[in-house]
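Visitor: Grabbed the feature section from TrEMBL, which reads as follows:
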- 1-47: region 'Disordered' (REGION)
- 1-28: compositional bias 'Basic and acidic residues' (COMPBIAS)
- 43-112: DNA-binding region (DNA_BIND)
- 43-112: domain 'HMG box' (DOMAIN)
- 63-89: region 'Disordered' (REGION)
- 78-89: compositional bias 'Basic and acidic residues' (COMPBIAS)
- 111-155: region 'Disordered' (REGION)
- 137-155: compositional bias 'Acidic residues' (COMPBIAS)
Amino acid sequence: MKRGKSKAEAPKKADSKLSVKKGPERTAKKPRKAKAVKDPNKPKRPASAFFVFMEEFRKSFKEKNPNNKSVSVVGKAGGDKWKSLSEAEKAPYVAKAAKFKSEYTKKMAAYNKGQSGDGSHAAAEEDESDKSKSEVNDDDEDEEGSEEEEDDDDE
């Protein structure tokens, strides 16, 4: 006896439509967004209190366990040690982290000031020379009197 299409085959066709497409078919439908380019002059974020502690802990752990090659073991041991520390023992690391954060905020303020200025990313913008400061002041004077502008250009 011949059998026709069974009902069991019908859902398989529907499932095939729902399947995830791989390879070039997928990328053709949804192009990925390009990653934003990182500015190499942007200051790095400051280390937290835990990472300040881990810097010191890694050195001491390496001295005690010179044969250890596993990074995860060091991380787990450092995390356990950090959790066991009291607030008083964590205080020096928290203070260092606060100091790093205050330095970072100053650097970011200078960086953002340079970004909003003329758009150039030069690190030398923070330390302007006297000449560039006088040029900025000359621009203010230019608005007031145009006759002085002509005299300055002749020099």
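Counting starts with 1 at the first residue shown.
Glycine is treated like the rest: Cβ placed from N, Cα and C.
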Visitor: Please indicate, using numbers and ranges, the residues of the same chain that are 6 or more beyond the region 'Disordered' (63-89) and have a C-beta under 8 Å from a C-beta there.
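Guide: Distant Cβ neighbours of the region 'Disordered' (63-89) are 50, 53-54, 57.
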Visitor: Could you pull the average pLDDT for the domain 'HMG box' (43-112)?
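Guide: Taking every residue of the domain 'HMG box' (43-112) together, the mean pLDDT is 95.
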Visitor: Helix, strand, coil: count each for the residues of the DNA-binding region (43-112), based on DSSP.
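Guide: Computed counts for the DNA-binding region (43-112) are 56 helix, 0 strand, 14 coil.
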